[in-house]
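To start, the structure itself, in structure tokens.
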Amino acid sequence: MASFNSQLKMETGLHERDRAGVQDFVLLENYQSEEAFIGNLKKRFQEDLIYTYIGQVLISVNPYKQLPIYTDDHVKAYRNKHFYEMPPHIFAVTDNAFRSLIEENRGQCVLISGESGSGKTEASKKVLQFIAACSGNQTTVEGVKDKLLKSNPVLEAFGNAKTNRNDNSSRFGKYMDIQFDFKGAPIGGNILNYLLEKSRVVAQMGGERNFHIFYQLLAGADEALLQELRLERALDTYSYLTDGLNGTVTRINDADSFKQVQQALTVIDFTKEEQREIFGIVASILHLGNVGFTEVEGNAKVNSRDLVVTAARLLGVNASELEAALTHRTIDARGDVVTSPLNQELAIYARDALAKAVYDRLFSWLVQRLNISLQAKETRASRNNVMGILDIYGFEIFQKNSFEQFCINFCNEKLQQLFIELTLKSEQDEYRREGIEWIPVEYFDNKVICNLIEEKHKGIISILDEECLRPGEPTDKTFLEKLTQKLAQHHHYVCHEKAPAHIKKIMLRDEFRLVHYAGEVTYSVNGFLDKNNDLLFRDLKETLSKAGNGIVRNCFPEKELRSLKRPETAITQFRASLNNLMDILMCKEPSYIRCIKPNDLQTANVFNDELVLHQVKYLGLMENLRVRRAGFAYRRTYELFLERYKSLSKSTWPNYKGPGGPKAGVQQLVKDLGWDEEKYRVGETKLFIRWPRTLFDTEDAYQEKKHEIAAIIQAHWKGLMQRRKYLKLRAQVIIMQSYCRRKLAQQAAKKRREAADKIRAFIKGFITRNDAPNGFNEEFIANAKRMWLLRLAKELPTKVLDKSWPHAPGHCEEASGILHRLHRLHLARIYRLKLTPQQKRQFELKVLAEKVFKGKKNNYASSVSTWFQEDRIPKEHIQRVNDFVASTFGSEQLKYQSFCTKFDRHGYKSRDRFILLSNKAIYVLDGKTYKQKHRLPLDKIDFTLTNHNDDLMVIRIPLDLKKDKGDLILIIPRIIEFSTYIIDTVGTASIVSIVDRNSLEHNVVKGKGGVIDIQTGAEPGVVRDKGHLVIIGTQ
């Protein structure tokens, strides 16, 4: 930053001006003196001030060294500054063009001109650097900027070479369009290339090199890549690197440059496969150059087929086909196809033509591929938001000048003519048209030279094309003869025959001389026709069109072979592309950077006055200075000027409505601004401002005014936006209200309809509620079922003995029955789960009793509510009975015991007894003595009961068990209980029989029988009556 401040001080300090010179030649006192002009340039050059203005034209002197004037601090310092606020710099020119592009929407182009070695390529890089630094930092923008910046290393590697005058000379012309969006961020780009010097591929002058990429590949590729390409690092291995021993330049690091190229290719979206194919093509050219030929009986033969095989592999073609195409030529003459062998000279020509064509088309493909990567993704950008940068080869005068120098110098003539048209001529013509008082400035108009070269039917280009296309055997010599014949009298054409004696001594007979605007150049016609025809034998095109290498196949399409049209000559194509370039530049607002080479040695701090003066002359800088000094710095149409600055006067703001239109408005505006008449002139359609300071002051006032107007507009705008917002919100609320009201009304109507439908359906359902389900009562029935289920869930019985059950609608009766049964089972299950073992035993006995006695014996009902007990012996007798059981039963198990009354078989006298039930027998004990009276096995006896309400039991004893003693007649309290235990013990109910009679017979001793009558009375009892027994049961 310190060096920048010191430079700024040197540029602006008055006491430093004598030492550093003036920064704008317009300020030079003796502005008509060439000596003063050169002296000012030299002063600044010696102080490392390489930039100087002529008005808005920037003069750049190549320092041949790195200067610290392109840092980020410099970019910030020059950004958004007026042109003359800062010292001269390429950043100032770029910023001025950039702001005009964005703020005024005027297409711009930066024209960089000068001869070879004057620093044009470096200047174009600095323009790109400033644009990249000033644009946005979004991810997409960064991607575009990276691609724009990385395109330079690629184009320089393949299109630049070391010449005797320049280590990095552009051997092609380049015009780059950069497209911006409305915010000034680059969104894409496009590159046009012009006339690559492809002859350099096969031969170079002494001390010069081939294109950089060949040396970069050999120096920077890793061993694996070199092995794949079959290359060696030694430069003298390859014939096409003719200066191989001296090919390494200390100022150039080819290995680092190759890594930069690889990185740039990756950034610009070249795939790994594409990069491999590109380097393969470059390597194939080196191998092709080493292919030699011998001549056997007039036919060329390849010396080393291995080299052809290697080149064919890298190009992706058949080696045999490539070898045949290099040594033979096929001619199709009106359907007659003839293949003839080539001699050694023609084979070498075919080989070199192939190498040049492959490299030339590879370069064109690279540019196309770059353009695809740089293509803007947005299509809405204004067509005027484009800035062009022209970096084209400078004027060249070599010891030996050929077809390439002729084309390059023709291009420079056209650019010089454009410069004259847009500056010297057009500016003076404009003053005359506008009625501005003006003293004409004389200048050399090179249009006469351009016409000499390109005039139809008469110019050198037409003569060259005519000679190339005519039948017969045209040669370079016949071409020169025709030139001399037609142009000998032209003041800018010199031939050997009519040249002055002193020129004849240095001119050869195969040369002609043109007096260019930049000086006299002698051209050798050798190779003019050949290079113009640009002939590549059809056999080679056919071979390459079938290549496996995708890039080669793309560069040599099959449709080219099918075309019968003769291709345009090289010079015709070049002229057409140049004219197209001129059309592009004419529709843009130019910014000029005129580059000057201080010496031919490429050495820092050396200033050759004579060389610089020569460049100043032919660039027309003195004439440009005189026009600028006498002219006006700024001019604009009244409409544009008024539109931009009308806010500076109340008379013209917001719109001028007075008489006289925009011109009168501008006059009123400058009057209100208080301008002196010397500061401006009023033309017919434009306002001319003499001094930049006047415009800058006006612009500063406008920028200040913009803030005031912006505040007013902002306030009104905010008010308008708030009102619009309010109205929009109000409208939205009204719409929402209407929608809500409509929705609510729809919902209410829907509810009413639904309610009516429900009521209607309910009534119909109610009417048909007992019918089979139909369309009317289905919902009602379903609702009835639902309500019944809900009611049932609340009214379910909770006790087993509670047999009540809620009433069910008709359609639910079946389900009600099932649910009732299931609920009963459920309650029973719950009850059962709560039972103790004793309770469970009781229920088992009770169930057994119910099964046997219910409905069969009248006193069964009285037994239900009483728990069955296994022991019915009174307490006072229990011990004695238990003693009997313990002494008598043994393994038998006591099941039941009770007291009872036994009646004799004769006389029916009653006796107290105890009856015991074991698992095997019935025991009858004496009621007093506790002695066993009977033991009756259960499997031998059975029991008879009556169906009356009595406790009578007759035990039928088989005759073989009791010898004629007969049956036992017993009155047993709780007869149902005792009988149930018997049946439970035996396991079958058949042991007990119930008779439905009023009398019961029983067996007596010796087969005699007795009768027991059964009667019903108020009280139970037993009566003995005349030989029979009467049992009285209750009702």
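The backbone N, Cα and C atoms fix where each Cβ goes, and this holds for glycine too.
Under the heading ATP binding site, Swiss-Prot lists Gly114, Glu115, Ser116, Gly117, Ser118, Gly119, Lys120, Thr121, citing sequence analysis as support. For 578-600, the entry in Swiss-Prot reads region 'Actin-binding', with the evidence type sequence analysis. The domain 'IQ 1' annotation in Swiss-Prot covers 696-728. Feature annotation from Swiss-Prot assigns domain 'IQ 2' to 729-751; the stated evidence is sequence analysis. For 752-779, the entry in Swiss-Prot reads domain 'IQ 3', with the evidence type sequence analysis.
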For Ser118 (ATP binding site): DSSP state (helix, strand, coil): coil
List of residues, in chain order, with Cβ under 8 A from that of Ser118 (ATP binding site) and at least 6 apart: Ser60, Asn62, Gly394, Cys595, Ile596, Lys597, Gln615
Additional residues around ATP, ordered along the sequence, whose Cβ is within 8 Å of the centroid of Gly114, Glu115, Ser116, Gly117, Ser118, Gly119, Lys120, Thr121: Asn62, Asn166, Ser169, Gly394, Cys595, Lys597
Contacting positions for the domain 'IQ 1' (696-728) when only residues 6+ beyond its ends and CB under 8 Å are counted: 82, 84-85, 644-645, 647-648, 673
Overall pLDDT of the domain 'IQ 3' (752-779), taken as the mean: 83
Around the Cβ of Gly119 (ATP binding site), the count of other Cβ atoms that are within 10 Å: 26
Cβ neighbour count within 10 Å of Gly117 (ATP binding site): 25
Residues near Gly114 (ATP binding site) in space but at least six apart in sequence (CB under 8 A): Ser60, Lys120, Gly394, Phe395, Arg594, Cys595, Ile596, Lys597, Gln615, Leu619
Entry from the binding-site residues list Ser116, Lys120, Thr121 having the most other CB atoms no farther than 10 A: Lys120
